[in-house]
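Shown next, in structure tokens, is the structure this report addresses.
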Amino acid sequence: MSWLSKLMPSGIRTENTPAKKRSVPEGLWEKCSNCGSALYGPELEENLEVCPKCDHHMAIRARARLAALFDLDSPTTEIAAQLGPVDVLKFKDQKKYGERIKASQKSSGEYDALIAMRGMLKGNPLVAAAFDFAFMGGSMGSVVGERFARAAEVALEVGCPFVCFSASGGARMQEGLFSLMQMAKTSAALGRLREAGLPYISVLTHPTTGGVSASFAMLGDINIAEPHALIGFAGPRVIEQTVRETLPEGFQRSEFLLDHGAIDQICDRRDMRDRIAELTTMMMRQPHPQDADAA
């Protein structure tokens, strides 16, 4: 350091005086993947991960989704939380399945890709499940199927509606036939609900594909989708490569499916709680629920 630098006040910088780096906390700002706007993290979280500039629905964690659904002043009970995946087949591709499980559990903070809970929605009992895409792309393995089936059984015991928010890449290939069996298992669980006359509402979010879309995700008494969600069995690129034709614009998006009768409604995530409360009240022939938010 030169004699001039020693005499210079610390608040004055020159080209040769390095500026102190100001660290920005991780996650404080996020960029909208649709319009590119810089979004303040806490405000985006409060808006349920929906861009306030263009209304683009970004990914949201399963627990945040369920917390936004249930009444805040009522307790919730997680269903089959103790269940965790097991590498029965000792599957290995580029990495061992057991290692993938541990890595996903560490990065996501969840034991598997589906969270199921029992709680209250505007004063009425409800069972709901939500996929966490952060865990291995929301893929469906044995634990996902078992948690879904147990959640349906709880709804059957309580005598209340069942809601599932899907966000999945499909069946988990590392579990082979054990994963494919969950398609039949979950569908059978919904059959028991149907026999009891209890409603099942399926909410399809971005993306809902593969074995999940080919089973319980499309079996709702009412199928609701979030705006511009990708919904289908195979992805559009795979289909184009197979049929060697250009697909229509917006193919497999929720708006396209609504126009062609594949789903019943499209609902903004911020309105989803009120919409589900309205539908379940009507389907259960319950008195108009007390608005827990206003209480």
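Here, residue 1 is simply the first one shown, and the rest follow in order.
Cβ coordinates come from backbone N, Cα and C, glycine included.
What you are looking at is a predicted structure, and each value in this text was computed from that prediction instead of being measured.
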**Prompt:** Can you say which of 1-20, 21-40, 81-100 is given as region 'Disordered' in Swiss-Prot?
**Reply:** 1-20
**Asked** Other than Cys32, Cys35, Cys51, Cys54, which residues of the chain come within 8 Å of the Zn(2+) site, judged by Cβ distance to the Cβ centroid of those residues?
**Response** Ser33, Asn34, Gly36, Ser37, Leu39, Pro52, Lys53, Asp55, His56
**Fill in**
Mean pLDDT across the domain 'CoA carboxyltransferase N-terminal' (28-295) comes out at 95
